[in-house]
């Protein structure tokens, strides 16, 4: 759990630095002050709302990705059977055997996760960018990647308990029993705090990769399309930029995502040794026992989720910005 002190320190530094910039902005000009104060809360609110909308719209695809990733574990008898041949086969079989509502198993903790993770992720990312540069035109890929990595690690670590519950509900489907709050309590009583933050390291690593790739790729693609004169600041530009960043994020994150999913699905049992002790250990074991392409299990549903998810998210986010709610 040594990751927390460093993350908390980074978070506090960001908060103090943001406060310092806001004070400085007040001293320089009223315009800059207004802009910085807006960045204090609007990206947080817009990011959270857009994340919830995108999560609900793409959740069935995310569930099939989880089922595909946890199956075929030769060293875990519970998930040794290969039940699903692909994304569409998984969708039809889940509907047939468990009912249509099973496609939304784990939706409650998923929405709760996005309300926290999505809110913090976008808010910190946008605030950090303004600490480095004041104008959008001055942003660079490197600056945006650094901001994305930091915001991804902080937000995913805070939201990890909701992710653990979502993964378990998705993997076990109709076999999972209990309410969301009751399940949180049950995990805490049986596995302790470590159970709620099980898989936090690969989760933070995946978030660092996904956010560190997706948000900068979106910003740079959008900036290039607009400044080059190819497109204006329109929904089509937002669509192309979000589609591109979704593909880039899926390619970069899938191996870590598979390991993260399996680690979170592990239960703490007396006398039982965890199959995967960490990200590197998980990748090496999967490669050894299941082959290299096991690291890209669930890639198509992962991409087909990240693509539409990012499209829905960024279009919703951009429209909320224009509405100036």
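For all residues, glycine too, the Cβ spot is worked out from N, Cα and C.
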If you look at how Swiss-Prot annotates this chain, which of 172-188, 223-239, 240-256 comes out as transmembrane segment?
240-256
Using Cβ atoms and a strict cutoff of less than 8 Å, what residues sit near the transmembrane segment (141-161) while being 6 or more residues removed from its termini?
3-4, 7, 10-11, 14, 113, 116-125, 128-129, 132-133, 184, 187, 196-197, 199-200, 203-204, 206-216, 219-220
DSSP on the repeat 'Solcar 1' (42-131): how many residues come out helix, how many strand, how many coil?
74 helix, 0 strand, 16 coil
Take the transmembrane segment (240-256) and find every residue of the same chain, 6 or more past its ends, with a Cβ under 8 Å from one of its Cβ atoms.
202, 205-206, 209-210, 213-215, 217-218, 221-222, 225, 231, 279, 283, 295-296, 298-299, 302-303, 306-311, 313-315
Helix, strand and coil counts within the repeat 'Solcar 3' (233-323) (DSSP):
73 helix, 0 strand, 18 coil
